[in-house]
């Protein structure tokens, strides 16, 4: 029985994959495990009733597995790892939280209108921590030679960071973080990433209402 997954449709383009990094994380996991799945694009500004019936809070992603609909990307990734253990994607516990604060600090900086509020510095601190991890461990991924769950969580978030900050703030990751640059290049060149990424213009249209409410 094929798996089914509900993910965000693009803002203003409901027939295209949208800009939800948590949806892409789930799709990346499905792709890395070479699983067959059917995708449902959900227009989050006009949610169909059948979707609200399976996801009362109206959140994506939602995965149908064993005739049950499961919400939350953390839960989805855990279930897929348990049911389809090959190839293994579980990240060793000591590396599982690497980069976990990047997305939050990115969002704060992106929406900031005050250049002196410390939000840029907070993001740079997190990127420096990622740089130091990558520098002190054999890569190219967080946990070594093989891609794992932490990479699949970070990849969409770093893509959003690159696209949105480049567009709205003309900002990019400093060249003083060469390992982060190489890591992003490695992630973005994965076949699974190419297949599941949204177009840059939809990342921008997705963030626009949050940047300029």
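Start at 1 and count along the chain as shown; that gives each residue its number.
Just so it is clear, glycine is given a Cβ too, placed from its N, Cα and C backbone atoms.
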Under Swiss-Prot, which of the candidate ranges 8-13, 14-19, 20-25 is annotated motif 'Glutathione-binding'? 20-25
Can you dig out which of the ranges 128-132, 133-137, 138-142, 143-147 Swiss-Prot describes as motif 'Copper-binding'? 133-137
Run through the Cβ atoms and count how many others sit within 10 Å of the one on residue 8 (L-ascorbate binding site). 24
Among the binding-site residues 160, 210, which residue has its Cβ surrounded by the fewest other Cβ atoms within 10 Å? 210
